[in-house]
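**Q** Encoded as C-alpha cells, here's the structure I'll be asking about.
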Amino acid sequence: MNTFLLASSSPRRSEFLKQCHYQFFTQPSNVEETFDPTWENDTIVKELARRKAASVAANHPNAVVLGADTIVVHNGKHLGKPANVAEAKTMLMALSNSTHTVYTGVAILHGNKEHVFSDAAKVTFDELTPERLERYLQSGDSLDKAGAYGIQSFGAIFVSRIEGDFYTVAGLPLSKTAKALEKFHIYPNIG
C-alpha cells in the first residue's frame, strides 16, 4: 500500500479525511497562492491544488499526494483568507444578503499519474446584523478561511441556502475525492 499524504495545513481537510477512515500523513506545502487574474475560477483552484500537491510530491516520490485549494467568488471578486479582522468584516458585509460561489480544486499525484478536478457550489447568506457579525468576528473563526467564514463551524449561522456539495464549500468535496483516490488504490481503512 502506498503512503498517502495530505499536502495541507487545513485542520478541516484533515478532519474530513479522518472521519472517512483514511490513513494518511499531513505534510503542508509551501506554495505561493498566486495566479493569473485572467484564469477562470475552476482553473485557479485546480492549478493551486496541483502546485501544492507537486511541491510535497517532489520530496515524497513514492507517495500518493493530495492537494486542495478553495476560493470564494462574489460579484466577480476573489475573496481569499482575510489578513485581519477589519478585512474579514469587509468581506462578510459584502456577502451579507447575497449569493456567492465557492470553488474547490483537488489534485492527486503519484509518480507520473495525476488526477485534477474542481467543484463549485453556491452559498446564500442571510442579512448579517451588526450584533451577529461582531460576535462572529470576536470568535476568531474568520481569519484562516477563504471568504472569512467556515460553513462547518460558527460561520454556518450566516448561511440560508446551499446549492451544491456542502463539502465543496468546506474545502474538500468528499464524494468526488473518494472516487478519485480509488484510482490510486487509496481506500478508507475500515478493518
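Backbone N, Cα and C define each Cβ position, glycine as well.
Feature list, courtesy of Swiss-Prot:
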type	residues	note
ACT_SITE	ASP69	active site, proton acceptor
SITE	ARG12	site 'Important for substrate specificity'
SITE	THR70	site 'Important for substrate specificity'
SITE	GLN152	site 'Important for substrate specificity'
**Q** Counting only other Cβ atoms and using a 10 Å cut-off, which of the recorded sites ARG12, THR70, GLN152 scores lowest?
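**A** Sparsest of the recorded sites ARG12, THR70, GLN152 by Cβ contacts within 10 Å: GLN152.
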**Q** Once the DSSP letters are reduced so that anything not helix or strand counts as coil, what is THR70 (site 'Important for substrate specificity')?
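**A** THR70 (site 'Important for substrate specificity') sits in a strand per DSSP.
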**Q** Which of the three DSSP-derived classes (helix, strand, coil) applies to ARG12 (site 'Important for substrate specificity')?
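**A** Going by the DSSP assignment, ARG12 (site 'Important for substrate specificity') falls within a helical segment, counted as helix.
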**Q** Among the recorded positions ASP69, THR70, GLN152, which ones place their C-alpha within 10 angstroms of the C-alpha of ARG12 (site 'Important for substrate specificity')?
**A** GLN152
**Q** Taking only same-chain residues 6+ apart in sequence, whose CB is under 8 Å from that of ASP69 (active site, proton acceptor), what do you get?
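**A** Counting only residues 6 or more apart in sequence, the Cβ neighbours of ASP69 (active site, proton acceptor) under 8 Å are GLU33, ILE44, VAL45, LEU48, ALA49, LYS52, THR104, GLY105.
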**Q** What Cα-Cα separation, expressed in whole Å, is found between GLN152 (site 'Important for substrate specificity') and THR70 (site 'Important for substrate specificity')?
**A** 14
